[in-house]
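Structure record follows, encoded as C-alpha cells.
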Amino acid sequence: MSKIFVDACFGKETPYTPVWMMRQAGRYLPEYMRVRAEAGNFLNLCHDPKKACEVTLQPVDIVGVDAAILFSDILVVPLEMGMDLKFVTGEGPKFDDPIKNEADLDRLFGGDEAASKLTYVYDTIKLIKEQLAEDKALIGFTGAPWTLATYMIEGEGTKTYNICKKMMYSNPKLLHKILSKVTEVVKFYMEKQIEAGIDVVQIFDSWAAAIEPSKYDEFSWKYMVEIADYLKAKYPHIPIIMFPKGIPAFLDKVYGNFEVFGVDWSTPMDLAKEKLGERYVLQGNMEPCRLYSKEETTESVESIQKIMGGKRHIFNLGHGILPDVPVENAKHFIKECHRVSKK
C-alpha cells in the first residue's frame, strides 16, 4: 500500500496534503503524560521500546496525523558516544563533562561502534512498524551534527553559544574534528534506523540560527548534506527532510541531495517557495502558538494552502507543538489541513 506521506515527500500527486506536527508525541497529550509518569522520567521512556512505541502511536490514533515520528531524543547520540547525559527538571539536558579538547573527543566512541549501542531505538522502530497502519509513514530522525555538538561542547542548552563560537573562531580545526566524528556516528545511526523500518528521515538543525549565515555551510549544512549523500547512495527510496531552524538568509545557498526542506515559522512560506519550491518539496510552517486559537489556526492553514496550492507541500508547524495546547485544537489543525487541501 502506498503511503500518502511518502508520495508527498517525492512531490507526487496526493488526494490531500498530508500533515504531522513536530513534538506531536508530547506533553499536550494526557495519554503521553500517563506513560511518561509510568516510565519515571524522560530518559527512561526513551530507553523503553514498549513505552516509546506506545507514545509514538498516540498522535496517530488520537489526533489523526498522517505520519508517526519515532519517540526518542536527539541527545541519545552523544549519550551512546560515551557522554554522561542527565535531564534536570526545569533546566533540561546536561552533560557533566563537555568536550574541551582533542583528548576529550578521543575518549568518545565513534562510527558504527557508537551507533550499535542504540539498540533500544531500533527495537522501538520494529515495534512501531508492527502496529502502525500500513498507510501511515514512520519518520526517523537525528539532530544535525552542529546542533548535537552545541550540547557536547557547552554541556547544556544555551542562549549565547559562546563556548562553541569561541571554538569556531579560535580553534576551528577542533570543532571540525568534533563535527566529523558526530557525522560518522549519525550516518550509521540513520542507516540502522532505515534497516529497522523507518520510511522517512528528518535531520533537525534546531540551533542553525546560532551560526552567522556566511559560516553556516562550513560548520553545519555541509555535514547535513554529507549524511544525506551517504543515505541516498544506499537508500534512494527513503526521502530525506532537512530542517534548519531560523536561517532565512541561507535560502539562496541551499543545495544537496534530499527531497523536503522544512520551513520554520520565521521564514515566510511564499519566500521559501520562490527560492526553493521548484527544487524541493516544502514542509511547514504554521506558527505553533496559533494552535491556541481555532480561528487563527484556520486562517493560517488557508493562507499556507493558498501559497502552496496543494502541490509539493507537507503541512506542519514551524516548530514543535507546545505542552499547554488543547488536544481539540491540535485535532482542529489536522482536520483543517485535510479540508483545505482535499482534491
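Glycine is treated like the rest: Cβ placed from N, Cα and C.
Feature list (source: Swiss-Prot):
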type: BINDING; residues: Arg23, Gln24, Ala25, Gly26, Arg27, Asp73, Tyr151, Ser206, His319; note: substrate binding site
type: SITE; residues: Asp73; note: site 'Transition state stabilizer'
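A map of Swiss-Prot features onto the structure.
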{"residue": "Arg23", "record": "substrate binding site", "DSSP class": "coil"}
{"residue": "Asp73", "record": "site 'Transition state stabilizer'", "DSSP class": "coil"}
{"residue": "Tyr151", "record": "substrate binding site", "DSSP class": "helix"}
{"residue": "His319", "record": "substrate binding site", "DSSP class": "coil"}
Checklist outcome for this item: Around the Cβ of Arg27 (substrate binding site), other Cβ atoms found within 10 Å total 14
Item to check | Chain-internal residues, separated by at least six, CB under 8 A from Ala25 (substrate binding site) | outcome: Tyr32, Val55, Thr56, Gln58, Pro59, Ala68, Ile69, Phe71
Checklist entry - Reported as an integer number of Å, what is the Cα distance between Arg27 (substrate binding site) and Asp73 (site 'Transition state stabilizer')? => result 14
Next on the checklist: Using a 10 Å radius around its CB, how many other CB atoms surround Tyr151 (substrate binding site)?
Outcome noted: 25
Checklist outcome for this item: Should one count Cβ atoms within 10 Å of each candidate's Cβ, the recorded positions Arg23, Asp73, His319 would be headed by His319
Checklist entry - Whole-number Å distance between the CA of His319 (substrate binding site) and the CA of Asp73 (site 'Transition state stabilizer')? => result 15
